Each structure stands twice: as C-alpha cells, then as structure tokens.
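According to TrEMBL:
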type     : residues : note
TRANSMEM : 21-40    : transmembrane segment
TRANSMEM : 60-82    : transmembrane segment
TRANSMEM : 98-119   : transmembrane segment
TRANSMEM : 131-157  : transmembrane segment
DOMAIN   : 168-315  : domain 'DUF218'
TRANSMEM : 323-342  : transmembrane segment
Amino acid sequence: MGLSLFLFILFLLFYIREPRRMITVFLFGLLIVETLLVFFAYQLDFFTYQVDDYYVVSEFYIYFIVAAIPLSLFALAMLMLLNSKDLMQREGKRVRNLFLAALACTLLFVIGYSVYFLWMTFQQSLTVANSILYIYIVTILGYFLFFFIVLAMYAVLYNMTPLVGRPQYIIVLGSGLIGDRVPPLLASRLDRAVKLFKRYDERPIFITSGGQGSDELVSEAFAMKKYVMDKHGLRDDQIVTEDKSTTTYENLTFSKRILHELLGNTLGKGAVVTNDFHVLRASIYAKQVGLHAKGVAATTAFYYVPNAFAREYIGLLHMYRKWHVLFLLLYSAAFLILYMLLK
C-alpha cells in the first residue's frame, strides 16, 4: 500500500509539471500495475484459509482467475473485431481501417497460444525450450498490448485535463479535405477551436494549419479558414494560415515560426486543437518543437475512435522506437542466456 501511495504522488508530481513526457506515461503504467497487484493480493488474502499448519487458496479463486482473465481478453478481442467491422462498413475496406482488427487478432493469438500451453502442460509433454519460448512470446506481445491499454487510459486522462489560463494562440491541425471542402472530422476540430476562441473573447491568435495534398484543390489551411468565416462569422484578419505543412510535426514547427514572427520572445502558453484520439501524440510533438501548448480534444464519432487510436499507438511506438528496440534486444538476450543455461 505504501508503494502505491508513493507511485501515485510521484506520478501526480510529474503529471502536474509536464504531462507530455513519456516518463509520465511510464509512471502511470507502473501505478496501474501496482494497483492491480494490490487488488489481487487482497483478493488472494480473502480467499485463503488455514488447514492445520498450511495456508490453502480456495479452488473457486483459482478457477475464477484462470477463467476470468482469458474470457475478459476474449470478450475485448470480440468487441474490437465488431468495431472494426462497423468501421469498414461505414468508412470502406482500407488498410488504415484494419489496425484495431490486427490488435484483436494478436490478442486472440495470445489466448490460443496460452490454451495450447496449458494443454501441453496437462499432457506432461512440454519441454523446457517450449516453456521458455511460450513465456518469451506471450510477455513480448503482452508488453505491447499493455502499452496500448496504458496509452489509451492516459490519453483519456490527458483529454479530461482542462486548459489552465488564457492561451496566447490556438493552432488547429488539418486532417485532409474532400476536394476543397472540410469533412466532418476536420469540421469538429474547427468547431471546437472556434468555441475556445470565443470563450477567451476572440483574443488568442487563431492559426489554421495544413498544406495542400495531391488530391486537394486548395490547401487545408485555406479551406479551414473559409469554413470558420462562413459558418462561425470570423473575420479574415482574425485568422492566420499556415499552408506548407504535410505532417503533424510540420504543422507545429511551421506554426511556431509564424508565432515567433508575431510575438517574438513573448511567446507563451497556447492550445493545439485536434480530434480526441490524436491529442496525446500532437501534444508530445508540440513539446518536441518547443511549444508550451495544451492539447484540446474535439469530439469524434465513437465508432471511429478505437481504430484511429490504434493508428496513433503505432505512431507513438515509432516516435520512441529506439527505447522499444533496446528493450526487445535486452529482453531477448536475457531469454537466450536463460535458454542456454537450462538447455
């Protein structure tokens, strides 16, 4: 219990100071692990009774754990597959709509492999090599699946954290056009940004950021500007456009250059508006380019969010790929040494 309190206070201090760092996410993950361990420890204590000089764990608790964990994971995988099916029916059968389905299949593989491992154990035909291979594969896949869950929970927490203080600027990130029109996904960002802009008496610098794709008739920044002028009545002189960027990182880098030209050394706190599934990664990019900006979430249709966040998860893995590769190398080396010792 003392460790849980320590981790909670440590996480809280890091989160208050800077929530856009991966070390803060790591501490959040440790806190979740510790909380789960404490929960299961209390459950184990509750279902343990003494027989003579021995402590015996209730068979009910053992069966419950053995059944509940894989069944819960199986139910989660089924929900993910159903969501993927719904997404493809609405948005089309594209590769980008299969990320959540891929995660669900990975989860089903872990469950199936675990059942096979238990069956081989009961048959007493399991070798040391097979045992080590099973533990290695399941823990590696478990690491990435757990990281996905931690990131999703952390993203929800970050999205719920309110913007503190008056922002000097509001950057709205582009997300693609349909010809020269703003699609619903981008419209939700702009509606949220304008609402924020008006909350602060239309005083922040309002930047629409996005270049022109090969299939787009105008730049995203221009279409976004036209949208907020036509729908929300903003004036031309209230909107600054950044129309050269092609990625989120460039959105923020080029917008920062514009802000430096307008504000100079007085550049302070601001807001970056994007869809809820994209807020965490965009906020981390904002930190990397040197912007003291809080990500602000625009609401997205629920059916779209899980797969979209799965894509964001892949993006975050890529951002910190060196750390994950280092972990895999060290972990693999440790298992190789263990295998050689037990062979």
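Each Cβ is built from the backbone N, Cα and C atoms, and glycine gets one as well.
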Look over the recorded stretches 98-119, 131-157, 323-342 and say which has the most C-beta pairs under 8 A to the transmembrane segment (21-40).
131-157
Quickly jot the same-chain residues contacting the transmembrane segment (98-119) by Cβ under 8 Å, restricted to those at least six beyond its ends, or write none.
70, 73-74, 76-78, 80-81, 83-84, 87-88, 126, 130-131, 134, 137-138, 141-142, 144-145, 148, 306-307, 310-311, 313-314
So how many of the residues in the domain 'DUF218' (168-315) end up helix, strand or coil by DSSP?
79 helix, 30 strand, 39 coil
Average pLDDT across the domain 'DUF218' (168-315), rounded to a whole number
95
